[in-house]
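One structure is given below, encoded as structure tokens.
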Amino acid sequence: EKSFGPGAAAGTVPTDVEQSTGLERAELLAKLEGRELFDVEPLNMTHIGTPRDPIIVKSHDPIRFVGCTGFPAESHDTIWINLDKSHEHDRCPECGSVFKMDFVGSEDAHAHH
């Protein structure tokens with residue numbers, strides 16, 4: 001799929017689909033298909049994470065930041081935690097909840113930050 005639209009016909013105003021490019025276009029096309037390109041929903045905190053039963057966080061990148069508000073939710077101010085693919089798990093310094101990354105990205109992908 002091209003990362004840019006076809007543009008508008010001469011003498012017309014382009015639609016978002018016709019003029020969008022890059023990530024904006026990818027997100028727009030995904031929404032037209034009825035799906036979200038980016039996972040922006042809150043984590044489903046059904047329990048406080050432990051080393052044996054951590055909160056699993058999927059990530060396409062080898063490093064991802066997550067915000068912990070404790071369990072139950074909003075038990076403490078948001079603490080941002082840096083999850084790293086190379087770590088066995090990462091822990092919130094405020095409540096002790098344990099998070100583990102489920103890396104679903106490509107090992108061959110280049111950093112895009």
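Including glycine, each Cβ sits where the backbone N, Cα and C put it.
Per TrEMBL, the features are as follows:
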{"type": "REGION", "residues": "1-22", "note": "region 'Disordered'"}
{"type": "BINDING", "residues": "Cys68, His76, Cys92, Cys95", "note": "Zn(2+) binding site"}
Environment of Cys68, His76, Cys92, Cys95, the listed Zn(2+) site - residues of the same chain whose CB lies within 8 A of the CB centroid: Thr69, Gly70, Phe71, Ser75, Ile79, Pro93, Glu94, Gly96, Ser97
Other C-beta atoms that fall within 10 angstroms of the C-beta of Cys68 (Zn(2+) binding site): 27
Among Cys92, Cys95, the one of these binding-site residues whose Cβ has the fewest neighbouring Cβ atoms within 10 Å: Cys95
Assigned conformation of His76 (Zn(2+) binding site) - DSSP reduced to three states: coil
Helix-strand-coil residue split for the region 'Disordered' (1-22), DSSP-based: 5 helix, 2 strand, 15 coil
